[in-house]
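Student: Handing you a structure now.
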Amino acid sequence: MHLKKYLLKGLHRLQKGPGYSYKELLVWYCNNTNTHGPKRIICEGPKKKAMWFLITLLFTSLVCWQWGVFIRTYLSWEVSVSLSLGFKTMDFPAVTICNASPFQYSKVKHLLRDLDELMEAVLERILAPEHSDANATRTLNVTMWNYTPLVLIDEQNPHCPVVLDLFGDIHNGSASSSPAPARSCTVHGCKVAMRLCSLNGTVCTFRNFTSATQAVTEWYLLQATNIFSQVPQRELVEMSYPAERLILACLFGAEPCSYRNFTSIFHPDYGNCYIFNWGMTEKALPSANPGAEFGLKLILDIGQEDYVPFLTSTAGARLMLHEQRSYPFIKDEGIYAMSGTETSIGVLVDRLERKGEPYSQCTVNGSDVPVRNLYSDYNTTYSIQACIRSCFQDHMIQNCSCAHYLYPLPRGERYCNNREFPDWAYCYSHLRMSVAQRETCINMCKESCNDTQYKMTISMADWPSEASEDWIFHVLSQERDQSTNITLSRKGVVKLNIYFQEFNYRTIEESAANNIVWLLSNLGGQFGFWMGGSVLCLIEFGEILIDFVWITIIKLVAFAKSLRQKRAQARYAGPPPTVAELVEAHTNFGFQPDVARPGPDPGTYPDEQTLPIPGTPPPNYDSLRLQPLDVIESDSEGDAI
């Protein structure tokens, strides 16, 4: 009951309003505010009133402008970078090593036989189109050549270049390896290009190269990709270099290790790669002390004599340092170690800590990235490299209907090959050169908020020396093959020393350049400096704004009611009827004394007594008027709120 009464009083108070007009409210505010200036506007003479009004208006505008600048600066989410140094025992990084050649030529030669013969014929026609000493003629399988051939472009007349096919004598899918007919261009006057055509052959593009070496290497790699994509990965692993052949010796600190301490993964570019201290199944190994004596020492046998001649032109080992449980993108971030040398790598650690939303677009674990991570099968952490490659593979599947061999294969998809997807090379070339595709993937992928980078200082020296070369190679050969029949040579061994230079690590951390404390202090400082105000002054100003809105709403409601009343008066002309008029409109004429009512003939019932006729009508109260139902009378306690 009390709550209902209290709510009713509150409703009456809302309907009544502040009880001031606009002018009275402004005068009250100027007299009572703690802000300097408004009080002088109403207390001084006319000239000073105008002066103080202009000054107050100017400084108010200046404060609002400064507030806008500070708020815009705060909403720009700028960061400041701090660099700090630390010293502690650190976990040794994961080390990935690969051979520069992905496969042993002795094991893949049967797959590349036709391609190698075609490659030799291509080189003959490029290098000696008219003066070849090849007397024997052999038949070549040019089925793969028909999909992506190499051509010579004669640009002696730049306005009308001439395209010459290297195998102009192709008939029924085969070609002779003898030189082609004399051409009007030589190797100095022509450029080698790769012709890529769509499925029906109506649209063709030419990928130009500045050197014939680049052209034939890219062409051979494209054809080899087509071949290896049709071989099961289990067989490819067997054709690559096994760990027991690649890793001859291993030492971590003072503890010996072997190839069994490495985790094997298959990389499409480098075949079998081996990761030390990956941390997938065991705890990461710490480094006891900085210095070369407490790092990882490896001796590798790259087996250069068994390299694929046209697939790999670089000899050595490829290695990369990375975090535990992260996938090694060794093609993009790795370095080469040259054969016949001892490569020493000193490591310094940088830790990056980025601010997340809204300061940057980084992600903690990649769960908020709208790209399917194709490297999740390796159970590795998120990285922007994995995201970009997964995004490219998705676009490859959408545009070319097949997946590229160099990237993980999604479930239910197939790798591209010439037999099932004849125009995949044309589609892949366009997609790889597409700027829109790269921008799409870069915008969709995010950097990792926390990252560790390993800065390397690399030095090299010949190893072994001429004085110790014989006995070292004999000992290594005996340890590897348990016999001295096979002797290693300088061109096939690589020695690596990987160690921490020092235990000092750098932490590069982002922090908010402008936080909420900075914003409030600057807003308050500007307001206090220019107008002598504080937070209470803002509350006072907010109060008067609420009162202004309150009065405006009451006036609008009253105006709406007056419009409704005017419409009602226009519909029913004249004053409303009185109670007496309403009663007369419904009078029962049986009660009227001056109206004779027909009755029975007196002669019929002579002895019947005649009763008086009741004719007293209700009184006519002309003073009673009908009251509108929507009018609510305020009680005497309405102002008590």
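Cβ from N, Cα, C; glycine included.
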Student: What residue among Cys387, Cys416 is stated in Swiss-Prot to be the disulfide partner of Cys402?
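Tutor: It is Cys416, per the disulfide annotation in Swiss-Prot.
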Student: Based on the annotations in Swiss-Prot, which residue of Asn208, Asn261, Asn399 is described as N-linked glycosylation site?
Tutor: Asn261
Student: Which one of Asn141, Asn146, Asn200 shows up in Swiss-Prot with the note N-linked glycosylation site?
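Tutor: Comparing Asn141, Asn146, Asn200 with the record, Swiss-Prot tags Asn141 as N-linked glycosylation site.
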Student: Checking feature assignment: motif 'PY motif' per Swiss-Prot, candidates 267-271, 482-486, 617-621. Which range matches?
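Tutor: Spelled out, Swiss-Prot records motif 'PY motif' over residues 617-621, not the other listed ranges.
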Student: Can you tell me which of the disulfide-bonded residues Cys98, Cys362, Cys441 is spatially closest to Cys250 (disulfide bond)? Compare CA atoms only.
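Tutor: That would be Cys98, the closest of Cys98, Cys362, Cys441 to Cys250 (disulfide bond).
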Student: Which one is it, among the recorded positions Asn261, Cys362, Cys387, Cys400, that lies nearest to Cys441 (disulfide bond) by Cα separation?
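Tutor: The answer is Cys387.
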Student: Tell me the coarse DSSP state (helix, strand, coil) of Asn141 (N-linked glycosylation site).
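Tutor: It is in a strand.
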Student: Give me the Cα-Cα distance between Cys416 (disulfide bond) and Cys98 (disulfide bond), rounded to a whole Å.
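Tutor: With distance taken Cα to Cα, Cys98 (disulfide bond) is 25 Å from Cys416 (disulfide bond).
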Student: Please name which of the disulfide-bonded residues listed here, Cys273, Cys362, Cys449, is nearest in space to Cys402 (disulfide bond), Cα against Cα.
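Tutor: Considering only the listed disulfide-bonded residues, the nearest one is Cys273.
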Student: For each of Cys273, Cys391, Cys400, Cys402, Cys441, count the other CB atoms within 10 A of its CB; which of these disulfide-bonded residues has the top count?
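Tutor: The largest 10 Å Cβ neighbour count belongs to Cys273.
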Student: When DSSP states are folded down to helix, strand and coil, where does Cys402 (disulfide bond) land?
Tutor: coil
Student: Under DSSP, is Cys98 (disulfide bond) helix, strand or coil?
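Tutor: DSSP call for Cys98 (disulfide bond): strand.
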